[in-house]
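Here is what Swiss-Prot records for this protein:
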type	residues	note
REGION	29-48	region 'Disordered'
ACT_SITE	Glu465	active site, proton donor
ACT_SITE	Glu532	active site, nucleophile
Amino acid sequence: MSNKLVKEKRVDQADLAWLTDPEVYEVNTIPPHSDHESFQSQEELEEGKSSLVQSLDGDWLIDYAENGQGPVNFYAEDFDDSNFKSVKVPGNLELQGFGQPQYVNVQYPWDGSEEIFPPQIPSKNPLASYVRYFDLDEAFWDKEVSLKFDGAATAIYVWLNGHFVGYGEDSFTPSEFMVTKFLKKENNRLAVALYKYSSASWLEDQDFWRMSGLFRSVTLQAKPRLHLEDLKLTASLTDNYQKGKLEVEANIAYRLPNASFKLEVRDSEGDLVAEKLGPIRSEQLEFTLADLPVAAWSAEKPNLYQVRLYLYQAGSLLEVSRQEVGFRNFELKDGIMYLNGQRIVFKGANRHEFDSKLGRAITEEDMIWDIKTMKRSNINAVRCSHYPNQSLFYRLCDKYGLYVIDEANLESHGTWEKVGGHEDPSFNVPGDDQHWLGASLSRVKNMMARDKNHASILIWSLGNESYAGTVFAQMADYVRKADPTRVQHYEGVTHNRKFDDATQIESRMYAPAKVIEEYLTNKPAKPFISVEYAHAMGNSVGDLAAYTALEKYPHYQGGFIWDWIDQGLEKDGHLLYGGDFDDRPTDYEFCGNGLVFADRTESPKLANVKALYANLKLEVKDGQLFLKNDNLFTNSSSYYFLTSLLVDGKLTYQSRPLTFGLEPGESGTFALPWPEVADEKGEVVYRVTAHLKEDLPWADEGFTVAEAEEVAQKLPEFKPEGRPDLVDSDYNLGLKGNNFQILFSKVKGWPVSLKYAGREYLKRLPEFTFWRALTDNDRGAGYGYDLARWENAGKYARLKDISCEVKEDSVLVKTAFTLPVALKGDLTVTYEVDGRGKIAVTADFPGAEEAGLLPAFGLNLALPKELTDYRYYGLGPNESYPDRLEGNYLGIYQGAVKKNFSPYRPQETGNRSKVRWYQLFDEKGGLEFTANGADLNLSALPYSAAQIEAADHAFELTNNYTWVRALSAQMGVGGDDSWGQKVHPEFCLDAQKARQLRLVIQPLLLK
């Protein structure tokens, strides 16, 4: 309730002035409370279906007015709504044909359209007039009833059967109203006027699609005459974390004599752990159960207990409620956070509630997929950015085991950060403005009241990117007093250190690893977390290892990658981003920052995260295993290990399951069983993998959680076999032999024909390539401008010389080129061709005269598009780059060429590192590319780099050829952020340095 409208006095008339008054943010709402579940009988509890809840989800009626001028008195019982349309609840209006979705990040949706300041709202304020008819379930007829909106964006006025019910604004926590006196048994008419904008919109400037509607469930809640209104359960550990203590605070609607209760604590098997019975004499019930024989809760071992509270009147059960709890202690001691006595490291990701088809009306299936995929990727923590999620998500995090930062629905980014990152908090809200205190504080209170019993929530966050001020200091003070069992967080104070005390954590966004290390090595007073880091936009997350290496510092307690899922909306079978809906202003593709794609398929970045976030650190060296157990509560004997031996990519040996017992935090070196391998047999890979010993809720027995390998490298070297026939003509050099013919143009300096078994494989002239289709990080770092001279340098290379030399077992064709970029010498390519049609290609880049970076160096080949399949031996199975090799392992992999194109917004993709050989083929045959004494980077795609860079969406690309890019090297992809940070120097290519590409091209004969 606001400080303007007295809570004890019911308001009977709606007032549109509330939309622009920051001191009115809820009217006639009941106090926020815990999200426990209540049932009318033991049978209902066991079935999980409550007759005390009536869903109003489904088809509603709607009138949508873009200009905010809806039908007058539409809430009246006798209003004719026959012309209203149908709409789904829960759902976002903009995805159902009412208005358009708009994506903006920092700027407000009205920026440039209207010059307004807080708490003003745009004159164009879309209004959705919702209507729902329903009959009241019989179980409700003799009970008090509340009406609950779990999520509504942004401001709602509510009427029932013509009576004004109330008003609510906080989009992401419930607005709940008592409606008993307005209800009828049949033909009830519920009306909701939902406005897209209100003063609350200044506090909801999150980086997401701006969409409105009743996007979470709407329900009726029946309340028996004995009813649990609110339940606070503080489940902690005592006796060196071996025993449990449960502090119970229950608020009971007490309207009957001779009332009593029974509280049970039951384990996951349903066995009784503890019990307490007693009379109910007041609305407050408080007691403590001590010395409970419980197992601790953690993400590794999410042991849950069910608390059941039975309410009786004269011995008859009127209501039973349940709440899952986990017993755990989360403490801040000497500037370090501990869970159950162990220093914790958050290996986390930020996560928006998002579904490519449903917007923010996400499903249980979405949540379970996210959580299971996180667990399988060694992610142990999630930040609910930047608002409280559906209650179900926290229950699932409790169950599966994820640590959670729960964050209040408060972001006012655009009120203080301006173009270019310039800070101007002149009209920042809430800041120091006490007019915004009530609304801001209510958002924290609503979140904490609802979510307080969830074991997974370790940290309360005041909000996101809203600068600082006295309001945040007051909010922080409330949080710490209301809940000393958790730690309180707010990153915004980094912009105004006057309010440093408004957070218990030193939390920063996108700080480079070296900057973080400076903090960690200078007597840190607080624990450090990177609350947003490793910006995963497009082809990104390079050098994540620089951050995970900081875990050696006790005060470094991990971070949360930005972010989990791309926010691409599906339309006509395509995933679209900002601007594609004619939404202006917009921040375009900046909504595509996910470790998983918008359709919930995994991106190649996720394998890298899994490898670096693993709690089992494996290293194979000299045939031995170095093992570090970074689990907090799990012995490494809970996993089994396999050793595997691969020769030239083929598995030749695998051990029986092995067990290595290390306590949490311990390290050890173990001898491994390996068979003898003859030196001449080829390249040998010694691999160790760690696997789950038993089924877990998120993965089956045998699932691989970590792996490492040692390579006894043995790269192939070209050895010519016989000399081809040479035809030295005026315009061309021809080389031919049994079933092959190669033609070199003396005018162009390139091979213009490559035929094996009569089939032409060269569809266009080869070209040098020094470029790649710019990644999102490249664009943000300014590489398009800085390195533009390399984009077409290869395309416009000028032939200087071509010559031919006949050798005993081969023929050499030598070419020299100049570039429109000053080089230290000639750019040369030598082709050594033998009598079997094998071509050893050596391309030498002499280095540029000018200092700077080189994106890549190699050759582009356009091959027949019919070569649709690949098979290779190298790092895989995912694309990889010099700063994102982790999570890929040497082996033989195969698939369809089109699958090499990762569905980012079109940019560099598909590179395979440390390639030994790569085959492209169809049913008729194909080509094989082989490394020649040096590592090879190679990609095979249906599109060229030029096509990719020119396209805004993958569906715009056309497949004319199969394009091969064979590279000696390519710079890393970076990922510290996507708006300025460069690729780390050790993963860049110095343009002044000479480079050489060596590979062999030969026919692939299919048996």
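Cβ coordinates come from backbone N, Cα and C, glycine included.
Taking CA atoms as the reference points, the residue listed as 'active site, proton donor' and Glu532 (active site, nucleophile) are 11 Å apart.
Counting same-chain residues at least six beyond the ends of the region 'Disordered' (29-48), those with a Cβ under 8 angstroms from any Cβ of the stretch are 1, 139, 146, 166, 168, 173-178, 224, 227-232, 251, 308, 317-323, 391, 394, 445-446, 449-453. All chains included, 24 other C-beta atoms sit within 10 angstroms of the C-beta of Glu532 (active site, nucleophile). Counting residues of the region 'Disordered' (29-48) by DSSP class, helix then strand then coil, yields 6 helix, 4 strand, 10 coil. DSSP assigns the residue listed as 'active site, proton donor' to coil in the three-state reduction, outside any helix or strand. When Cβ atoms from all protein chains are considered, those within 10 Å of Glu465 (active site, proton donor) total 21, not counting its own. According to DSSP, Glu532 (active site, nucleophile) sits within a strand segment.
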